[in-house]
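Asker: Please find one structure pasted underneath; my questions will follow.
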């Protein structure tokens, strides 16, 4: 029975979990694939560290690129992270040497995915990255293989557990953003510097990969409009609840007449949508195809879940199930036609702190009418400090029917110039059936 | 570019949808697989029928077995249905001739899956059946490939859209079972003879396949305890709602110390579970592994959704992604150790029509205590005809803590013999966190 010799770079939580899973499930994996899948060489930052796994008999490389070039490995697993070297150099070296690569590195692929896929194609080495998007949810395989007969219209998802944890606690327990973030940091769900998660960049990296898989376009993280969850207040979440919505940080890629619109922002989704009911650190991805609408819900991070995806990819490698990294050969991937966000169409939730004087409501309503925006509802809140509104001002919440981003932005600029609002208006896009 | 020549038996709704999807997505599928996938020969009941698809240039076989043996096809697609011949003979003939088979036929595989997988293994022909379980939800691929590194503890699902449609309408609109069934029949969700769906057999066939994929056991539909939804009343669904549950017809396979417990029955699940929120004809499957808990929600039936699964399998065939039908070679599949239902452990919802006289409640409580069953709650309803209870009797609803099926059955027999209840008690198993 032939062996699949694994070289593994990166022995953090995920790397250790991969080693353990391959050992624990060795007999079963061998039965499934007809090969024994075994880690024979590793690379990590510090050699001496006790990681609770037995690495005796496993070759050590200080340099991950040297590991990737080790002629005595059959597949290279990259779990170092980082969108530049050494991760990039190591992955490129393995692929150039004709060695399949399994990686969990979303940042690397979001920025260099097409280039690396091309290196792999040139030397007939496959590139696998199930773990890079939504952790334990097999969305890469689902888009790349299972839904291959569908024309996909839309992919959207809760792709960042940190944000969903914060939004869930804010909504359910009425705890302010900062306190929820502090808890997330204490529980290890958020980094000391949480920017990457809560400002939406992590979601954008994953969305960039999903977009390519779903629409056959080149990965283009720079084409994504990104907005994080920092500005959301309890007042917004409470208003959403009353209106029948939940607020989620969604990554959305949708086919429009202008091209593929890619965006990451807080979104109000109807409570009855499966994705609205996903709480805590759990992730979810919804795919709308011409034949199938599918929602997958599962763990987006964590050692075991991510290892599950890595090992699933290794099983594919062992079985010889390769295919193109992004579903199509690189030459067939289309440039991502960037649909400009100003042309985004949909309903909007708008919360402003309106100056408490006669004529304010009339001015806001007139500006909306000038831009042809119809209002589904207007709610005026009694003045309160808690929502961050000065007692002299009044929180006004407007829900619009479908309009364009452009029109909304013009109205906001106009009413600001009119002097009828104070501070920054809160604008949340609405997704509906 | 080499062609993958498809022979397709069965030109009903799904067969026609497959032909259309392969035409519509031809260019994309060719780009994905490097091969053009084309229907070159078909077989169906009546040759002359207008199906709205162009079959000129496509060979016709009156006999599906002859089609399966046609040396000029590369893959045989079986969409005839039925657990015996000609479907069985045709699938066996194709596999014996070394030709991969794609089928949507759950009844055939539930009864003869292992035998057919063996025929395929002997001649190195792969057997694909994504469409046979939960239609457009890629649960076969997920269990067979993506979760290959997990030790699965439990698989459960809403696998029959007809039942879920009926239960959703009963719960949401308070319409009785018979009226919901009639609507389902009118809308084409249920057959004129609905037995197969509403008595749980269709769910059992699909569960048998999931069990094999999840636990590496031989498909064994006869090992499944099956109970349908016919006996459920509005009183049960209302009580469930008040207690924080939804009632779903679930197929459940779970690893126990006694072996794999396989069962199909109405189940009370906590409202907050993703599966509880799946309404209408939609299907869902939840997988609990040691590394990943995953829920997939999507269409379980319908021409387009089923065709999506068939075409996904054809793309795998074109890409040479085969593997073992049930994840493992037949020789490695374990006999399904049948965990007897009497040993099932869990909470129970019990509704009885109690005789309205002194001592009745005491007798029921004593019988429960004798069997060591602790009660979480007892609710007594005022007499009403609507719940099927005679005015002289009182509906008593008991919720037990975890106990065994055996103990519950003994209590029911005892209180019947005591003469304190009339009619058949309603017993619904509860699943909880």
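Just so it is clear, glycine is given a Cβ too, placed from its N, Cα and C backbone atoms.
Feature list, courtesy of TrEMBL:
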BINDING   B:106  NADPH binding site
BINDING   B:191  L-homoserine binding site
ACT_SITE  B:206  active site, proton donor
DOMAIN    B:349-429  domain 'ACT'
Asker: Looking at Cβ-Cβ distances, which residues of the chain lie under 8 angstroms from the residue listed as 'L-homoserine binding site' while being 6 or more apart from it?
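Answerer: Listed in sequence order: B:185, B:197.
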Asker: Using Cβ-Cβ distances, find the residues under 8 Å from the residue listed as 'NADPH binding site' that belong to the same chain and are at least 6 apart in sequence, listing them in sequence order.
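Answerer: Sequence-distant Cβ neighbours: B:129, B:132, B:133, B:202, B:205, B:206, B:209.
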Asker: Over the span of the domain 'ACT' (B:349-429), count residues by DSSP class, listing helix, strand and coil in order.
Answerer: 24 helix, 32 strand, 25 coil
Asker: If you draw a 10 Å sphere on the Cβ of the residue listed as 'active site, proton donor', how many other Cβ atoms land inside?
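Answerer: A 10 Å sphere around the Cβ of the residue listed as 'active site, proton donor' contains 27 other Cβ atoms.
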Asker: The domain 'ACT' (B:349-429): mean pLDDT?
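Answerer: Taking every residue of the domain 'ACT' (B:349-429) together, the mean pLDDT is 87.
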Asker: So, three-state DSSP: helix, strand or coil for residue B:191 (L-homoserine binding site)?
Answerer: coil
